[in-house]
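Reviewing the structure listed below.
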Amino acid sequence: MAKRIRALDNWERLVRAILQREHLLSSAATGTGTAPASLGGKAADIDRILQAANEIEDEDPNVTRILCESAYIMAHAMDPNSKGRGVMQFKTALMSVIKTKPKEGVSHDQEHDIQYLWNFYSRYKRHKRVSEMEYEQQEWIESGTFIGFFPEVSFSPLLPWPAVRAAVAAIGYTPDIPRLPSSFEAPEMRKLDIFDFLQFIFGFQVDNVRNQRENVILTISNAQARINLPSGTDPKIEDAAVTEVFCKVLDNYMKWCAHLGLRIAWKSTNELNKTRKIILISLYLLIWGEASNVRFLPECICYIFHNMAEELEAVINLQEAVPATSCKCEDGSVSYLKSIISPIYDTLKEEADKNIGGRASHAAWRNYDDFNEYFWSPWRVKHLGWPPKANSSFLLKPRKGKRMGKTNFVEHRTFLHLYRSFHRLWIFLILMFQLLTIIAFHNGTLDTKTFKVMLSAGPAFFILNLIECCLDVLLMFGAYKSARGFAISRQVARFIWFGVLSAFVFYLYWKVMDEANNSNSESTYYHIYILVLGVYAAVKLAFALIVKIPACHKFSEISDRYTFFQFFKWIYEERYFVGRAMYESLTDYLRYVVIWVAILACKFTFAYFLQIKPLVNPTKVIVRLSNLPYSWHDLVSGGNHNALTLVSLWAPVFAIYIMDLHIWYTLCSALVGGIMGAAARIGEIRSIDMLQRRFQSFPEAFSNNLVSQTTKRIFASRQVSQDPVDMEKQHATTFSPFWNEIVKSLREEDYISNMERDLLMMPSNCGSLKMVQWPLFLLTSKILLAIEFAVDCEDSQADLWSRISSDNYMAYAVQECYYSAEIILSSLVEAEGRLCEEFDTWHILAKARNEGRLFQRINWPREPEMQELIKRLHLLLTKKESAANIPKNLEARRRLQFFTNSLFMDMPIAKSVSEMMPFSQSDSLFKLSLDSVFTPYYEETVLFSASEIQDKNEDGISILFYLQKIFPVRGMMYYRRALLLQSYLERRSLGGVEEAYSIGDLVNTLGFELNVEARAQAELKFTYVVSCQIYGTQRQNKASQAIDIALLLQRNEGLRVAFIHEETAILPDGTVSKEYYSKLVKANIHGKYQEIFSIKLPGNPKLGEGKPENQNHAIIFTRGEAIQTIDMNQDNYLEEAMKMRNLLEEFHVKHGLRYPTILGVREHIFTGSVSSLASFMSNQETSFVTLGQRVLAFLKVRMHYGHPDVFDRIFHITRGGISKASRVINISEDIYSGFNSTLRQGNITHHEYIQVGKGRDVGLNQIAIFEGKVAGGNGEQVLSRDVYRLGQLFDFFRMLTFYFTTVGFYVCTMVTVLTVYIFLYGRVYLALSGLDSAISKSRIAIRFLGNKSLDATLNAQFLVQIGVFTAVPMIMGFILELGLIKAVLSFVTMQLQLCSVFFTFSLGTRTHYFGRIILHGGAKYGKTGRGFVVQHIKFAENYRLYSRSHFVKAFEVAMLLIVYIAYGYTKGGATSFILITISSWFLVFSWLFAPYIFNPCGFEWQKIVEDFDDWIGWLMYKGGIGAKGDKSWEVWWEEEQAHIQTLRGRILETILSLRFLIFQYGIVYKLHVGGHNTSLGIYIFSWIALVIAAAIFKAFTISPKKHGKLPVIWRFLQMVIAISLVVGLILFVMLTTLTTPDLFAISLAFIATGWTMLSLAITWKRFVKLIGAWGSIREIARMYDAGMGLLIFVPVALLSWFPFISAFQSRFLFNQAFSRGLEISLILAGNKANVQS
């Protein structure tokens, strides 16, 4: 303990020494000052020598004299002629100091001085105990006492910072805080502070206190630094800084109290002093920091804080502090974790266990939202009491077989949520369809009669609202037990209101129509009806204006005072704690209203003229037709005016009508996004030629935006002249160090060569040259071209110069050559040689030449600056390479183009690193100074080992070979490097700007990464935490990932790793006890593992989804007021990191009514060059993350769609975190943070002047798994309360955008596919029933098949299916960023690479998973791996993945098409059939063969043979204990049925499966053997035949092994049955009219019916097992899978016979270089499979 006290004293001595250093070096006490910068890199060494001399002058002046002499010798050696700026004055002053120092009678002997100096050092080291101090200091550092994120150097440069010291002082103990008892063990390393006080009262963990102490210190110090830097020996934190942090941290708490009507825990904010505010801030963060999973319950945190703050208030009034009663444990200890958090956690865990790993219904258990919303009710909070009552409904644990009530909302698994959440959209679409249809049936006339019919929309409106009220009542089942009385009352009131109103309005309208039919009656009911509708519409509009329109919201707030208005607003819109005041500014409102009005106008115009109106006449004709002959036994169509025929006609049109609003939104958003992008100047620099032409403007643009005012003032203070050339040089001087670091980073990443680096580097422009020196790549070959101009010039010098000046860079090159030659010659020669500049002294020169002394003395250049100038001049004169080829690498070009283009985009001006805020409103609450980057990690590959990147796969392709064709991935530590550079160049240290340095020294970046002050600034402003959930387990198991992470920790001193640590212990009673800890670790200065913080958890934190739980446990270790979430597949660039300060300033700028809470960032998908698939995915993703999100932010509905958005950290940690974690329902965890932020009055923006790299999935299987996960996540979102509330609380037009850009996109995708089914089943119904032929042959009928409406419907569906509308925003993005010609070429290239096949296939993926998740659930995180796809995927693997999602559905569509072409009527013949069904055939082809088209080596014969063997082996292997689905068909088949769990799901599956029976019912009546008989007996006979066929199949599939007694007899019987079957079939064909086509038709019918029976058997699996038929069902299923597999495999095998097919596939699938490498590798492999065999 004594060692630590001494270490603390030594630390204070070091700090005082550092502070004194600035005074000593800047004073004239020694007369030396600091060494001139012109001495180069040795200046810093000389400074350190003089510092030592100053510090020991009092102890031994002779040593000071020796050191000063050494410094003089070093300076003289560097500049013997004293030509450098300030060198003469420095050496003179230093010599005067040396003369004043005594020599103690000894002669000046260097060897004696060295010995004397060593003796003094030895005595000094023993006397001052330097070795012991260093050892103790090292012990202190490694113990973790220092702040976790501070650099491990011999002294911390942060503590001397005034703001940090002031913050440390601010949290200190004050007299108004009760004293701690004498029994309290005071800390030995520091003084008591408020954290010790809070720890004593509430029993917080030691490391939680340490962690939050650091958090509070840094937060307050940064808030103070933004106001001003405190000065003096005793700096103070201003009250304004504390108030700012106080208001941000406790903002949600104060709103919660206001909502519940509770009095806040303090009387008045204005009465709180600074210390009391800091105590409350610290208390909240300590509660939050130890809350574990309870952090997902922000209002629960408010409840805990409220009660603990009241306890604290009572303790503060005492003389001596006492522990809080609520935190006392039974054993007498005080523990917040055990007393408060653990009981809540135990209940959370019990409920999470009821989820049964995601298989249970959401209604069966309470999720995080249910627990949190418990605290939205004042009576619940009052009932809960403090401490929380164990028998309260909140802490009551679920009992077996009994559910606890949900809170406010129940996530029932049903599509009805779509109608309930977005009922306004559906009501609007249905009513508009009704009105347009009425107008169309009245021939487009709008007279009184038509108007009265249109009034039928009134009853329809109220009935549709009544349906929504019914759904409210039904879907709240499961929450009534715990629901608030007001919520139930509102639902009952609305149900009664709309029920009565619907009946009343319907009655009135009935009377109105009676009056219309009676010409003699008066229009009494008509006027009453109009009055009722008018009054209702007026009241509805008024409330809509009050609640939704921004301009009227003030009146809404005023009206809340009156009960009358409260009641009606309550009926109109339910009040929650979230979702209040969700309105935007009038400008933003009008903006998206105008856009949507235009979209709706286009949509309904198209719907009326091309969808509805063309169907009017066919409908009228069909209705009038009667006694149509049916070719089957008709059961339902008699006397209903051919209703099913009308349904088959109108259904696909209505489906497209429901969906095509998304098409119009897509088109309009592409147009709006393009205009916005052009206005934002995106894509202005889209080629290297454009970059070169505009390079002159870059320095000024860079200085205006990316250089802080501090740096500008430094340069401006040294800039005397305001001449444009001087100003241009100043901007170039500022710009050059940053540009050069960017170029260096490109070289480090191996994007450019050494030669390209030299040509791209920019001189510092701080020399005496009278012009700006530009990078050489702009000037190459210009001199040679200018010489050609001069040789060919026959005009005057002025004309020649004019011609040269037409190219600015040629003029610069000529001028630079002249001025450079002048300077070089002046430095080389002396005497008469220097007179060459003067043209009137030629006679002197001639005389010197004649005497042989003209160039007798030449001073060869030794200064580095002069050598560089000569080298540059040589390159200027000799370099012939065209600048158009520099840099050659496309990625380097893209990055430089984007960076330089972004300099002209609108962005906030950057502030200095120490301030990181704009000079704007001092009352702004959204200020930012500290940034954390946060990366969640599970078990992805961190580093590739040498063997991993060199090992070849079965095709002879290694990852190293693959990486040569794509771009490497870099890490996130560029942020730190950028801050180091920016801080270093700003020259800000403890005392301010060092005025002694020259401009040249200020822009010298040599050694900036080692500068102590810059490192301190970077550590203070930037933190990088990687949340590695299972790193503890990996480390214990010595896994390779743990070794890789340790290596990264050693290489990056700013990196921290957070993980869950599990400790297992066996108790005395034999039970196993597990304890869990959140740990934060780093690598110490020796590169070894060092623990910083370890905070105990109440239990296993993984109660919900893994990723958000991973984020939640680690978020307590982040710092500052902003946090950027970065995923493991992302990259960053130095030039983009330089703009992070600008981005952070966006938090201070209001975007609309509010400050941003999430800043959206542009992403660049860098995996697009891998293959055609990767290109499709990259282009699609790029379109969404640029143009798509640009428009969403413009329309005020952008959410958080993933990384790398930047969060307002304090806003989100006080409102539940940066994601949601409830199991399954929050599978897409990221987007819920956007939902939550929007519902809590946040604001999400999007900014495209900065980008982050991102890798996407590059293989079809990876893409399919990822899209399945996203589609499943959207299926869960449909059920969520967040989507419901947003759909209800957004205004109508904002709700439209929200719907079509979230779950609506997947609904429209599903409707697109369903349209194919609806159309084909309708056509099959008409074909099999014979109605299409009968109607077309009718004398009064007109041809309605293939009319305009049908054409428009099918065309729209086909264009959506093949991705044309998906490509529209993509093309607009291409046009913006590449130009029109390149955009067209890119689109054509995509089509040639079969992108339409890919988009059609993706359509099926999204539809399957979205629909299945809503029907059955089972959403789970799909591990795509996101690795490098360089190998062939086996046929069996593709079949397993796509069998149910694509293949089965494709075969169903193919069967429908076959039946339609076989029995349907097409007037135009085959041509008409092809035109009508081309989209469906294309869908079949894409869904069946896309996995093999996009499979590497998918058509190579050897691979096909191996795949067939593997597939047969998998199909026939029965499996066993421990067998997996990828090895056994039977295991896989069982797994595929796992999603059918509930009775509701079985009923729905049964209903859906019955659709296949139409094939058998229709086909049996089309057989020739039946003639024209339409009796029901025909159908019954077909079932008898099916049963016989099933019995025969059973007979042939019974295994003899199970009948060991009669194996020979059984085989004989099988032979007899087979012979009898063949003979009987031949006789039947010969003796009846049965034809060969009939046999195929029967087979088709029985296949469909068999699939129905199979599906029903799977659905009712338990019953089938009871009757003992499960084995036969399994064999039938195996036969179906074998048949489907063969139908797919045979075409692929046939194509693989042709070698050119494989070559063609490689050519379009991969980029050219990789295709060539792949083919060469196969040739070199020498047919490896055959060789091995």
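The backbone N, Cα and C atoms fix where each Cβ goes, and this holds for glycine too.
When DSSP labels each residue, the domain '1,3-beta-glucan synthase component FKS1-like' (275-389) comes out as 79 helix, 3 strand, 33 coil, counted as helix, strand and coil in that order. For 275-389, the entry in TrEMBL reads domain '1,3-beta-glucan synthase component FKS1-like'.
Residues annotated as transmembrane segment in TrEMBL: 422-441 (among others). Remote same-chain residues near the transmembrane segment (422-441) are listed as 450, 453-454, 456-457, 460-461, 464-465, 467-468, 604, 607-608, 612-613, 616, 654, 657-658, 661, 1287, 1292, 1295-1296, 1299, 1304 (criterion: CB distance under 8 Å, separation of at least six residues from the stretch ends).
Here the transmembrane segment (492-510) has long-range neighbours at 455-456, 458-459, 462-463, 465-466, 469-470, 472-473, 525, 528-529, 532-533, 536, 571, meaning same-chain residues at least 6 beyond its ends whose C-beta is under 8 angstroms from one of its own. Sequence annotations record features per position, and here TrEMBL assigns transmembrane segment to 492-510 (among others).
Residues or ranges marked as transmembrane segment in TrEMBL: 525-547 (among others).
The transmembrane segment annotation in TrEMBL covers 589-610 (among others). Within the same chain, residues 432-433, 436, 439-440, 549-550, 583, 657, 660-661, 664-665, 668, 672, 1194-1196, 1291, 1293-1294, 1296-1297, 1348-1349, 1352 sit at least 6 positions outside the transmembrane segment (589-610) and bring their C-beta atoms closer than 8 Å to a C-beta of that stretch.
Under the heading transmembrane segment, TrEMBL lists 663-683 (among others).
If you look up TrEMBL, you'll see 1296-1320 (among others) marked as transmembrane segment. Packing against the transmembrane segment (1296-1320) from elsewhere in the chain are residues 418, 422, 425, 592, 596, 651-652, 655-656, 658-659, 661-662, 665, 1188, 1192, 1195, 1197, 1199, 1231, 1271, 1274-1275, 1277-1278, 1283, 1286-1287, 1290, 1353-1354, 1357, 1360-1361, 1403-1404, 1406-1407, 1410-1411, 1453, 1456-1457, 1460, 1477, 1479-1480, 1483: each is 6 or more residues past its ends and has a CB under 8 Å from a CB in it.
The transmembrane segment annotation in TrEMBL covers 1358-1381 (among others).
Among the features that TrEMBL reports, transmembrane segment is placed at 1447-1466 (among others).
Annotation source TrEMBL lists transmembrane segment at 1472-1494 (among others).
Long-range contacts of the transmembrane segment (1576-1596) within the same chain: residues 633, 1560-1561, 1564-1565, 1570, 1613-1614, 1617-1618, 1621, 1642, 1645-1646, 1649-1650, 1672, 1676, each at least 6 residues beyond the stretch ends and with a Cβ under 8 Å from a Cβ of the stretch. The transmembrane segment feature in TrEMBL is assigned to 1576-1596 (among others).
Annotation comment: TrEMBL describes 1608-1633 (among others) as transmembrane segment.
According to TrEMBL, the transmembrane segment annotation covers 1679-1700 (among others).
Contact between the transmembrane segment (1447-1466) and the transmembrane segment (1679-1700) is present: at least three CB pairs lie under 8 Å, with pairs separated by 6 or more positions in sequence. Summed and averaged per residue, pLDDT over the domain '1,3-beta-glucan synthase component FKS1-like' (275-389) gives 92.
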